[in-house]
Amino acid sequence: MLQIPPENVWIALAVTLAAGLATAIGSLLVLFSRRPNPRLLAFGLAFAGGAMVYVSLSEILNKSIASFALAYGERTGFTYGTLAFLAGVIVIVLIDHFIPNPHDSLDKQDPAFRENSREYLKRVALLTSVAITAHNFPEGLATFFATLESPSVGMPLAFAIAIHNIPEGIAIAVPVYFATQNKFYAFSASLLSGLAEPVGAALGYWLLSGSLSHATFGWVFGLIAGVMVFLALDELLPAAKRYAKGHETVYGLVAGMGTLAISLVLFKW
């Protein structure tokens, strides 16, 4: 079993908490501004998507393969790493099937804005909060274990997830605020959803701490890579395209990949 220094655990948990708290930033944008700039939102979503795809395929998947190679040998390690990646995709597909993540638009012409029924908005708020909270658990695991094993990978990943969490905070705060007309409730709902990330990280570490090995890290990193790539392709990039007026999606995607590439190079020096 691998021995993890306690200070590394606290650092990883703090990084995960910081990424999760970005949902609160999203709620503040709703409560203290007239309306988020859709083109800037499109760029930010695509930036996060590009960053997550790049770090998942260039670093996290490779760490899965390397961990399996240390446990079982190079050839078997590559096979297991690939299987773990595909397993991660399957896991998040199942989660997305049973608990769909609402892709709420911020357009004031949407039914949620036109609907006069307070009860309808309350249902929208509840379903949105539950769905996004459920999706935040695997993101918390991803940030925590990536930082635990390699801060040079975990920190950029946490940054990408934090950007991704800002529009999620918006998606929660909008229906809650319109349903309750209470800024505190809207802020609290977004904040609690983001706290699901460090909670998921703590639960994951508690369950796996007694069996941490090269093979365990191999499975965790492979699953994380699959989950992150699916989230980027299924949620972030389509949402960015919906809000874009021009080439913001492409520019954001390239900027996200480029920023992560440069940051990973700098972390190596």
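Even glycines carry a Cβ here, placed using N, Cα and C.
Features as listed in Swiss-Prot:
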type	residues	note
BINDING	Asn136, Glu139, Asn165, Glu168, Glu197	Fe(2+) binding site
BINDING	Glu139, His164, Glu168	Zn(2+) binding site
TRANSMEM	11-31	transmembrane segment
TRANSMEM	40-60	transmembrane segment
TRANSMEM	80-100	transmembrane segment
TRANSMEM	125-145	transmembrane segment
TRANSMEM	158-178	transmembrane segment
TRANSMEM	187-207	transmembrane segment
TRANSMEM	217-237	transmembrane segment
TRANSMEM	249-269	transmembrane segment
Annotated stretches the transmembrane segment (11-31) and the transmembrane segment (187-207) touching (3 or more Cβ pairs under 8 Å): yes
Positions on the same chain near the transmembrane segment (40-60), where near means CB under 8 A and six or more residues out: 106, 142, 146, 150, 153, 156-157, 159-161, 163-164, 166-167, 221, 224-225, 228-229, 231-233, 236-237, 239-245, 248-257, 259-261, 264
Protein Cβ atoms within 10 Å of His164 (Zn(2+) binding site), excluding its own: 26
Fewest other Cβ within 10 angstroms of its own Cβ, chosen from the binding-site residues Glu168, Glu197: Glu168
Leading contact stretch, 125-145, 158-178, 217-237 vs the transmembrane segment (187-207) - CB distance under 8 Å: 125-145
Range from 125-145, 158-178, 217-237, 249-269 with the greatest count of C-beta pairs under 8 A to the transmembrane segment (80-100): 217-237
Check: same-chain CB within 8 A of Zn(2+) site center, minus Glu139, His164, Glu168: Ala22, Thr23, Ala48, Ile132, His135, Asn136, Ile161, Asn165, Leu231
Long-range neighbours of the transmembrane segment (249-269), counting only residues six or more past its ends (CB under 8 A): 42-55, 58-59, 151-153, 155-156, 159-160, 237, 240-241
Extra residues within 8 Å (Cβ to Cβ centroid of Asn136, Glu139, Asn165, Glu168, Glu197), Fe(2+): Ala19, Gly20, Ala22, Thr23, Ile132, His135, Gly140, Ile161, His164, Ser193, Gly194, Ala196
